[in-house]
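Engineer: I am attaching a structure below and will ask some questions about it afterwards.
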Amino acid sequence: ITRHHPKECDKAFAVMRSLKIHQAVHKVNSFVCTGCGKSFSQIHSLKAHQVVHSVEKPFSCTYCGKGFAVKHSLTVHQRIHTGEKPYSCVTCGKTFSQASHRKMHSRVHTGEKPFTCDICGKSFGDTRGLKEHQVVHTGEKAYKCEKCGKCFSLAVNLRRHHRIHTGEKPYSCDICGKCFSQASNVKAHKRIHSDQNCSKCEKSFSHPNGLKTHQLTHTGEKPFSCTVCEKSFRCLYSLKTHQRFHTGEKPYSCVKCGKCFGQTSALLSHQRVHTGEKPFSCDTCGKCFSFTSSFKAHQRSHTGEKPFSCVICGKNFSFLSNLKRHKRIHTGEKPFSCHICEKSFSQANNLKAHQQIHTGEKPYMCDKCGKSFAYLRNLKEHKCVYG
């Protein structure tokens, strides 16, 4: 196979077009917009951006004031505010605000993935998915915030970030009118109004399919099995992800540190370690998070939701990790062992505390007298001396 190498780095590409796309990374600020000074690494990105300055926008949204060049674009946009979704999937009944979104969604059922990455061969159901994926290979961040200078690889992430500065909340609940800065937050909020409630744990869902998938957590049904180790999964996607443990396949690598991942989502999440990006913000307190898992877990501090229940005693927990730790009370499992004396513990923090017996480490110091202790509880007992 012929490999094409750029002059600037050691990367290699099987397709010449992929090499040309990659080389744009090395051409910093090659194409500059004369209207606002924004720079792009590719000419087509600049041309697409310049439409913002050149096209007249006579149609304005009565809700947020945003302008549009075509009336149809305004009509589609206003559905963000009204919640109207006139297009429904004939297979599962899910509704959409645009016909194109319904068409893309239908590929979930058909399995069709017509858009393929010419670098690694991965296929996608829509062009957006392909474009977002290609950033993994190029590392390009062409979208810059004019307020704080922060750069983003995707325009949608820049728009979402802008709302931190503007306070804009364009997404509203069509039931109670509450407004949100992100569409995902509206979706999560709507579960309050939904009648798609789980009879086991009372968790709510905006769509029947979501409830159906969730209920498998209670029934224990796992219809998808790994042919190598026979481990079972609730959904096909989880099985495919799991199979990479056996194959060792990690096609997605971080351009900053070289670390490899089996999923694009894992790579994109990892990259925030380097960028410091925190795209998920809490509408209640404004706290920002780098990862959806941390964001969702935080939201439970406001809602009090405890979706994870113990099947043995019925106790509920806000976090899956807490449920897993609790289950060891019933099973007696002690998976954490000391490599020095082989004593076992049910929790990692108990093992860590125990190991201080062997190391002599005393990390807890009294700020009054300077005395150190191996355990936090001993420091607290000591502090009682001072009242």
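Placement of Cβ uses the backbone N, Cα and C atoms for every residue, glycine included.
Dumping what TrEMBL says about this protein:
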type   : residues : note
DOMAIN : 31-58    : domain 'C2H2-type'
DOMAIN : 59-86    : domain 'C2H2-type'
DOMAIN : 87-114   : domain 'C2H2-type'
DOMAIN : 115-142  : domain 'C2H2-type'
DOMAIN : 143-170  : domain 'C2H2-type'
DOMAIN : 171-198  : domain 'C2H2-type'
DOMAIN : 196-223  : domain 'C2H2-type'
DOMAIN : 224-251  : domain 'C2H2-type'
DOMAIN : 252-279  : domain 'C2H2-type'
DOMAIN : 280-307  : domain 'C2H2-type'
DOMAIN : 308-335  : domain 'C2H2-type'
DOMAIN : 336-363  : domain 'C2H2-type'
Engineer: Tell me, what is the mean pLDDT of the domain 'C2H2-type' (143-170)?
Structural biologist: 85
Engineer: Would the domain 'C2H2-type' (252-279) count as touching the domain 'C2H2-type' (115-142), if touching means at least three Cβ pairs under 8 Å and pairs must be 6 or more apart in sequence?
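Structural biologist: These two segments touch.
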Engineer: Cβ pairs under 8 Å with the domain 'C2H2-type' (280-307): which stretch of 59-86, 115-142, 143-170, 224-251 has the most?
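Structural biologist: Going through each listed stretch, the top one turns out to be 143-170.
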Engineer: To the domain 'C2H2-type' (143-170), which of 59-86, 196-223, 224-251, 308-335 is linked by the most Cβ pairs under 8 Å?
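Structural biologist: It is 59-86 that shares the most Cβ pairs under 8 Å with the domain 'C2H2-type' (143-170).
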Engineer: Among the recorded stretches 115-142, 171-198, 308-335, which has the greatest number of Cβ pairs closer than 8 Å to the domain 'C2H2-type' (59-86)?
Structural biologist: 171-198
